[in-house]
Structure formats: structure tokens, C-alpha cells
């Protein structure tokens, strides 16, 4: 009970005591009261008036509701504050319209019976109950009351104080819901939630945190673990680093390798903060914990893969650089070769021009030689015709033997053939015919047989056959059938 409530209760108690004394004094019958008694009576009445004045002032102006009610639920007294709480304009309006406050105002009338039974045992009590106002709305009140009894111990009435606690109850309900919601989140969270002291004791932990470290329940873990740094941290120094980070920053992340109940290890990420008192002293650490073992394993695989890729890149880069150097070298060599080719081309062009000039000169010389040869042939033929053939004509007119006639005929024929194109062609270098072969070829062209040619040349027929075969080879007729005489005539 508040101090203000105690003073009000004491004032009511004092008022009731004075009223009982006056009632007892007035109930004395018989003789006149002595002067001392009259003086006492005046004192009592004066004291009663003073107390009643104080009581009335408090009663009328109190913020809390004040009432006096009978056992059966009638209102004897009710102050304006309580009347307003019930939705009435004045205390009289309440007293005139209400016969049973339990039925009229209690949302659950049975609650008043429970309250009366409570007061019957202790004469004083407090409880909270929901009342229904005049407009039908409800309010929660805190009712603090006491039993007033007569000299026989019989209940006369109840005096009490009422406070509207609707907003308080609403806040408590919201707080309760929030706590239930927090507890649900706490119990069902996938991440571990913790609260630990600086010396390494668990103040609180949820099931997810217990599962991370391999325990069946938070209670088992909190009982078993009395020093986080030594029992759970693989490296005790990591706990010291965690505390150092938490003391330096309001909130931060921290990763550490931890030891589970079965001795195996795991990686855990702690996201926490320091909770301090008014003087800045750390009371405890609280936050979240997540098992990142798989993530760390994946990161390690990725790191190894990245390192492997970097090695491949370095190797490939080296190969490319080496290939680039080779290409640059090849390009340089090619440029040198191209330059050499250009020089050679220029030299060849110069040589070609020189050859063209030489060729032109040779053509001129050849033409000149051909003309000179033609002139020489013409002079030679002219000399034969003018200086040789006339004498042969004279010999033909002379009487000669048959053999001599044959020689003369052969001489004439040979001279004519010498002047003919056939002999010129047969003498060309590309046929490579000997003088004997040319002589035989001329006779073959004239239709002479091998026997006749042998007689004319005074040679054996077998030799003539041999030379004829060589002539066929040199003329390209070795593997062909055909008349050698016809082929030779085609040269004419």
C-alpha cells in the first residue's frame, strides 16, 4: 500500500474509533454524567469533527475512488472519483440506482463473493477485478478494502479504495504478449540466442544454441558449461578477443572455432553486444550465434579453387607472354625476310630489266645472224649453182661408166640436198645427227634402200641398218611404225 493510502486508511480507522467511543458514551443510561465525562465527551465530539472534516476533504477530492458498502452489496458511501469511474455524474446517482454492486458492476459477480470470503479471513485485502460501467464499457480496478466490525465482531460494512488500472492491465497484457512472442521467437529461432557473463557463465540460451554445441537442451548446456573460454572455445584466446571486441564496440560480429559436446569442432559466428550498467560496467553479453561450418568449408573450397585458377591464369599468362615473345620474334624475322625479299625483288627487277635488255640485244644479234646466215646460204647456193653444177653438167655429157654415173648422180643429188631445207633441219643441234647419219637420211628420203645406200657409200648393209635405226630413235620413231622416208620428206 502507498504511503498516501496508509494515511487515508489510518484516518478512516481513527474516525471509526472516535465514532465507536461516542456511541458507547451516549449509550450510558441512568444518572447524569459527571463533569469529567462531559468534558471527555466534548473532546471526543471536537476530535470527531476535526477528523470528519479531514476525512470529508480527502473523500471528496481524492483521485482514487473511495467507498463504503454493506455485506449484501448496497453502497453507503461513494466519492465523486469512484462515481466518475463507474460512468455516473454524481455519487447520489450511483447510490439511488444501484441495489447490489456485485450484480450491477461486476463483470463476473462471483468475484465479489470470492473477495468477501477473502476479507472474512484477514479483515483486510486487495484484489483486481473487472467492472462494467454505466455505458456498458469495462474497466479494470485495484480494490483495497477492510472489514469494519462491531464490538461483537459482526460485520458492519466494508471500507475501501479503488484505483483505475485499465491502462496498467492493458500494458501488462501487451507486455505479456510481447514476452510470449519473444519467448516463442527465443525458443523456436533457427539461430542460437545467448546471454553470458564476462567470466564465461551462461545466463540464458535457447534450444538452437544448445543444438549447435551438441546438447539436448539449454538446461543441460548451461549446467555443464561453467567456463566458455576453456570448455567451448578451441582457442581460449578467441574468447578474450571476443570480450575485447565487445568492450570496444557496441555491436559487432566475431567468428571462432568452437568445441562441441562430443569433442568435434565447428565454426560459429557470434553477433553480440555488451550490456552495461549506469557506470559503464559490463553486466553481460547478449546476441545471436550461427553455425557457419558449412560456409567456412565452402569458402575454403572456393579459396582453393580460386588459388588453382590463379595458378592456371599465371601459367596461361606465362604461356601467352612466351608465345607473344615468339610471335614478336617471328614477326621480326618475317620483317627481316620481307625486307630481304623486297631487296631481292628490287634486285630481280633490276636483273629482269637487264635480262630484258640482254634479250633484246640477243634478239637483235640473232636476227642479224639469221640475216647473215641467210645471206651466206644464198651466196653458198649461188656459188654451187654457178661454180659446181655447171661442171657436173659437163661431166654428164661425157661418156662415163655406170659406177661413175652413179657417183655423179649422187654428187648432184647431195649438192641439191645441201641447198635444201631438209639438210638444214637435220643439221640442227637438237637432232644431234652425225655426218654419216645425215648422208644416209638424205638417201633414204630419195627412196634408196639400205642395200643401194651401202653400195653408194661403199659400206656394209648391216652398218646402214644400224644408222637407220639410230635415225629413227633421234627422230622419236623408235616405238612407232611408219616409213622413215615419209617422215624425212615431211621435214622438207
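Every residue, even glycine, has its Cβ placed from backbone N, Cα and C.
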Write down the single range among 133-160, 161-188, 189-216, 217-244 that appears in TrEMBL as coiled coil. 161-188
Counting by DSSP, what is the helix, strand and coil composition of the domain 'PAC' (252-304)? 12 helix, 30 strand, 11 coil
What else in the chain is close to the coiled coil (161-188), if you only count residues 6 or more beyond its ends and a Cβ gap under 8 Å? 5, 8-9, 64-67, 82, 85, 128, 139-145, 206-207
